[in-house]
Amino acid sequence: MPESTIEPSEPRSAVRSLLRLWPYLRPVRVRLFGSVAVAVTASCLALLIPLVLKWMVDGPVADRDPAGVWLGGGLVLGLGLLEAGLFGVRRWLVARPMARLEAQMRGDLYRQLQRLPVAFHDRWGSGQLLSRGTNDLQILRMFLTFPLVFLIVNGVTILVGFGILLSQQWSLGLVLLLPVVPLVVLCAYFESRYALAARRAQDQIGDLTTLVEESVLGIRIIKAFGRHRSQAVAFREQSHRLRTTELRKARLLADLWALITGLPDVALGAALVFGSVQVADGALSAGTLVAFLSTALALRWPVESLGWLLSISNEAAASADRVFEVMDAPVPEEPDEPEAEKRPGRDDPPAGPADGEGPDGIRFSGVRFRYPDAPEGTPDLLTGVDLHIRTGETLALVGATGSGKTTLTTLLPRLYEATGGRITLDGMDSAWLARPVLRAMVSTAFEEPTLFSASVRDNVLMGAPGATEGDLMRALETAQCGFVHALPRGVDTQVGEQGLSLSGGQRQRLALARAVVGRPRFLVLDDPLSALDVHTEALVEAALRQVLASTTALVVAHRPSTVMLADRVALLDEGRITAVGTHHELLRDNTAYRWLMSGGGEQADERIEGIPA
Ligand SMILES: Nc1ncnc2c1ncn2[C@@H]1O[C@H](COP(=O)(O)OP(=O)(O)OP(=O)(O)O)[C@@H](O)[C@H]1O
């Protein structure tokens, strides 16, 4: 298993990465800043406690005044309770908006994933996307709820605290300030390293998620081929990589923590000795020293927590980068957007059917295509496809395995964009049609029939959300899906990953029903009979003939039985259509076609005898 397949974007400052969250924070800014103000007040109230102590030591304690001591004690208790109450209010202020913000970001990310082209999903491991939508968003919510607020609160508390310390005894205050410069330099040094390790760990979590997902989805293959061991080894290696990175993070954090707690403690010890000498000399009151040391101790947590807060901030910055890498991925423009008019190579306006002419069917003119991630130097997969499928006609597309048949069919609903040429549907350039309009016109049943964790009804109606119960029943009947009525809850039975498991043939028939339920103007079937037994194949064929009679269809065919569904056949070879004709004509005149239909190989010619002509 390779390490992360996604190149991390340029390393950039954590602040810049986190600032990108501002559009999400804007609507909740009042509550956020309110919670910061409440927390700063609570934290500064805690700094008043040492001042009360100073008053008690120099006043009621020195004067042996019990009433004053009780008053002081009551004040300290009151301040403590107020501080706790205010921190409770802070949590109440941000908990709900932050949960909503996380849900909103997750929703936006999901929407973006749905809008991104198939080519994007080809490049990205699903685990990478999954971990960004779960783990990274959770880290961001945690950061916004707690560390962000406390970075500000603790920063302000430290400033106010040092103000109090310097005002009480400036020379002791300066002793405590001595470690600040080395601390800042060393923190910056560790932070830059921690940021890299945090990013690497999050990418590795994505890779590990991909591996686990593939192992779960492919469990049958792993078991059937006895691949548990090699999968376990791949998993161990991947998780070992993650463990190494996490340990590196822990080491960096430990070093940072040691510095952040060690240096101030040394300074505090020096201030204690220096202050005690001053008290002994009578230059400082005992109450002032107690207040000074209490204030310094009250600042320990805000200072110590900085290391932890900075590390979480770096993790959140890495998460923000990872989430925005997906959010920033370009989504193909729609023709109704103004830029569409500047689309390169699309200078001609969209044309409808000419007056007086009937619909034109599907027309490929000089269509070229190469996959965006195809290795450099390899020729285009489609080098100039010219093909006309007349209205109402069914055309079978035949070609050697890997010749690009499936690829050509994906260009029709624009799952991939053709890199050259033009495809027209009833005279309209498909590149000018908005995708939702185009996909309502072109319906597809893929070779791999994917069902979702939903009822039979929902799976089929996905093909035409506005379809009626009658349409549903007709589509099920057409695709020979009578078996659904015998399922425990009929068409309301849950199927798919989390539901009842269906056989390959049953899944394929449901996918067919989904493709035909909306009575599409254009139908694309990618080897629709591949997983059916001979008996069912005959039934589906008969039903398909009815559907195909009323639509214009492109059917990828591997076998003579599928070809027999079509009016004409086109042969795809080396990126072009090299022959078009009826099955009989091509069998008679085209050696390559004869060879393909016979299944190829040495006995091909003998088998040709058996092909229905
Ligand atoms: N997403 C992709 N990215 C890069 N190359 C791809 C992608 N999908 C397919 N290919 C390559 O494009 C070529 C054509 O694939 P395609 O699936 O269109 O062939 P096909 O004619 O339908 O094959 P088959 O008859 O085996 O189904 C293959 O070499 C394949 O490796």
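A Cβ is built for glycine as well, from the same backbone N, Cα and C atoms used for every other residue.
Taken from TrEMBL, the feature compositional bias 'Basic and acidic residues' covers 340-349. Annotation comment: TrEMBL describes 33-315 as domain 'ABC transmembrane type-1'. The domain 'ABC transporter' annotation in TrEMBL covers 362-599. Taken from TrEMBL, the feature region 'Disordered' covers 331-360. Summarising the annotation, TrEMBL assigns transmembrane segment to 32-57, 69-89, 142-164, 170-190, 256-277.
Sequence-distant contacts of the transmembrane segment (32-57), counting only residues of its own chain at least 6 positions beyond either end whose CB sits under 8 Å from a CB of the stretch, comprise 25, 68-69, 72-73, 75-76, 79-80, 82-84, 86-87, 89-91, 93-94, 97, 144, 149-150, 152-154, 156-157, 160-161, 164, 168, 286-288, 290-292, 294-295, 298, 302. For the transmembrane segment (170-190), same-chain residues at least 6 beyond its ends with a Cβ under 8 Å from one of its own Cβ atoms are 162, 252, 255-256, 259-260, 263-264, 266-268, 270-271, 274-275, 278, 292, 296, 306-307, 310. If you average pLDDT over the domain 'ABC transporter' (362-599) in this model, you get 86.
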